[in-house]
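Listed in TrEMBL:
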BINDING   B:44, B:122, B:126  divalent metal cation binding site
């Protein structure tokens with residue numbers, strides 16, 4: 001489980017560095033599919049990861065939104081702000097959490113294990129979308145390889 | 001580990017059913033990014049999953065290629081043909097495999113655990129790309145949610 005989170009954090013960081021080459025206009029430009037832009041995608045994966053972990057911990061989960069003024073620097077600050085909660089939770093993950101039922105009163109009910117896998121897959125899915133948009137801009141995307149990242 | 005494979009097999013099957021609505025031309029049409037078409041992406045994720053597991057088992061890994069005549073039915077037959085090896089391997093996965101070193105004489109060296117995670121992430125990444133192409137065709141993509149699939 002932890003390996004996948006480290007993979008996602010590494011790939012996410014590489015994409016944030018990659019976005020430095022984009023103009024603010026290209027960073028925010030609405031694109032077809034996914035959540036709609038490089039900015040929104042990075043914001044979304046950071047926010048969704050944090051939100052689910054806050055919900056598992058029964059903590060408040062305030063929403064943040066983007067504006068036309070949102071910069072890569074703002075996205076990095078959000079990441080910086082949220083990483084403490086997320087990393088701490090992932091670090092203390094225990095096999096005994098696996099089958100705990102998450103019940104916030106809304107269907108579907110699922111286990112903590114499934115929710116953690118949802119967080120992992122959610123990010124990889126959206127990163128795949130960034131790679132299409134990168135090619136549309138004639139730019140080389142960040143590698144999605146798990147192998148060769150010194151994760152184990 | 002097994003939950004993620006079941007997730008991928010379920011989502012893959014849903015995408016193959018989804019592709020029934022496409023004409024043969026649309027199915028094969030070259031698109032920007034990823035491996036280039038709906039057909040090539042489905043072929044690629046089926047082939048890469050099988051190939052890695054064959055390599056872990058030190059078995060031959062013959063290559064299959066696509067042509068302009070490749071149909072969704074051919075892709076389904078490939079899936080049918082490969083699933084026996086893949087499912088059997090995933091079913092007998094043991095925590096003791098996790099840190100085994102895979103060494104085929106080429107860098108990077110990595111553990112079996114990392115290679116299995118690579119197979120999982122590889123498919124989710126490419127499926128994210130299909131969802132962009134689906135929206136470009138004004139069609140609703142298959143959900144990438146892990147939650148609500150009765151996987152645990």
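Glycine is treated like the rest: Cβ placed from N, Cα and C.
Note: TrEMBL annotation is automatic and uncurated.
Values in this document were obtained by computation on a predicted structure and should not be read as measured data.
In this structure, of the binding-site residues B:44, B:122, B:126, the smallest number of CB atoms within 10 A of the CB marks B:44. Candidate binding-site residues B:44, B:122, B:126 yield B:122, B:126 as lying near chain A, with Cβ-Cβ distance under 8 angstroms. Annotated divalent metal cation site B:44, B:122, B:126; additional same-chain residues within 8 Å of its Cβ mean position, judged by their own Cβ, are B:34, B:35, B:41, B:45, B:48, B:123, B:125.
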